[in-house]
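According to TrEMBL, the protein has these features:
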DOMAIN    71-204  domain 'Amino acid transporter transmembrane'
TRANSMEM  77-96  transmembrane segment
TRANSMEM  102-127  transmembrane segment
TRANSMEM  148-170  transmembrane segment
DOMAIN    207-387  domain 'Amino acid transporter transmembrane'
TRANSMEM  216-237  transmembrane segment
TRANSMEM  257-281  transmembrane segment
TRANSMEM  309-330  transmembrane segment
TRANSMEM  336-356  transmembrane segment
TRANSMEM  368-388  transmembrane segment
Amino acid sequence: MEELNAVAPIRRQYNFHDWKDWTNKNLFTSSIDDDTIHIDCYQDQETNFTEHANVQEKLAVTDDEHTSRQPITALQAAWNVTNAIQGMFIVGLPIAVKVGGWWTVAAIVGVAYLCYWTGVLLIDCLYENGTKVRNTYQAVAEAYHPGMGRLVLCAQLTELISTCIIYIVIAGDLLQSCIPSVDKSALMMLVTTALLGCAFLDSIRVDPSQFKWMLQWSHIIAAIFKALFGLLGFLTFGEFTQKEISNSLPNQTFKVIVNLVLVIKALFSYPLPYFAAVHLLRDNLFMGTTKTLFTSCYGVGHTLREWALCLRIIFVLLTLMMAMSVPYLIELMGLVGNITGTMLSFIWPAMFHLKLKGPNGKECDRNFDKFIIGAGICLMTIGLYFSALELMEAVHYKEQ
């Protein structure tokens, strides 16, 4: 009887591995292991499992370096980046031109120019004497000051997650303007259902030698489009320009069509910040126990493990939950974004470049870095002031 009791757990272990192998083969092909874990005997069970896990861990981490079988072209990358730069807030550019006039158009072009150059400065910080010694924004921050990388990581995740949340909220608002009888929360759930497929996204890299070209033209195209969209939108509707340009349309049918197109744009804009956030979490938490806190989220053959897929789906649902539950969300995102966005896009790149490259650089380059830092601080201060006013007005309006 005691022998039967001792054998029972082993049989259950066999059944568990049989079930796991079946799911790996039929549902998530090779997502954990390519080889079946066999239990030759009760005494060797723990040793075999440990050795196999160590081998799989090494293979998974090594395989992660080859994330794409066929890299995308610089033109395809520029298309994605241009779409991300434009964002969903282009619908508010005509009202900005109405309020600020030609200064708004000049600001759009000027900010795009500075953003391009801060990107170039960051790329320059990756190299020392023509050799690439750093790979990420975090690595540059760590070279600037130990521990700074964690602050940059927090700012990046905050910015990216906030962007994902905003896309869900805006899509819900636009759909509700088309279907006023349906609750906004239900519409945001509907939008998120279409976004669950983002969990299956994989990394596809572009040729690094073409990155500067891609960065340059994506910013130029985005700046031209934003300036023209804001200017033409205001010239079309004049004093009747609304906060969202689609609300200025006199024809209700055409307004619904435009709003649906904007919803589709929001759906296509969501994957880029979502995957960037997932990529950051993977690089800092899921690169194998030899490098990070948790095991790799990829198995042999660069197949996504089922638990990693579940975590990605949960991440999408978390953005939905925050979009539905956080009060004064738009105002809060504006307040936080003025800090994280300005620091990431203006102040930090110039600060890092000034310290890492300044001692051996030209005086004009150092002065340009200082100018960007000063401009970034001014923009952040002004943005924080007006965002705080918007938040206080929203709270006061709700209390009344």
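Glycine residues also receive a Cβ, built from the backbone N, Cα and C atoms like all the rest.
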Non-local residues, at least 6 beyond the ends, that sit with Cβ under 8 Å of the transmembrane segment (148-170): 87-88, 137-139, 141-142, 188, 191-192, 195, 262, 266-267, 269-270, 273-274, 276-277, 280-281, 284, 319-320, 322-323, 326, 329-330, 333, 336-337, 339-341, 343-344, 348
Same-chain residue ranges lying at least 6 outside the transmembrane segment (368-388) that approach it to Cβ under 8 Å: 114, 117-118, 121, 331, 334-335, 338-339, 342-343, 345-347, 349-351, 353-354, 358
Sequence-remote partners of the transmembrane segment (257-281) [C-beta within less than 8 Å, at least six residues beyond its ends]: 80, 83-84, 87-88, 91, 153, 156-157, 160-161, 163-164, 167-168, 170-171, 174-175, 177-178, 191, 194-195, 198, 201, 203, 246, 249, 312, 315-316, 319
Summary of DSSP states over the domain 'Amino acid transporter transmembrane' (71-204), given as helix, strand and coil counts: 105 helix, 5 strand, 24 coil
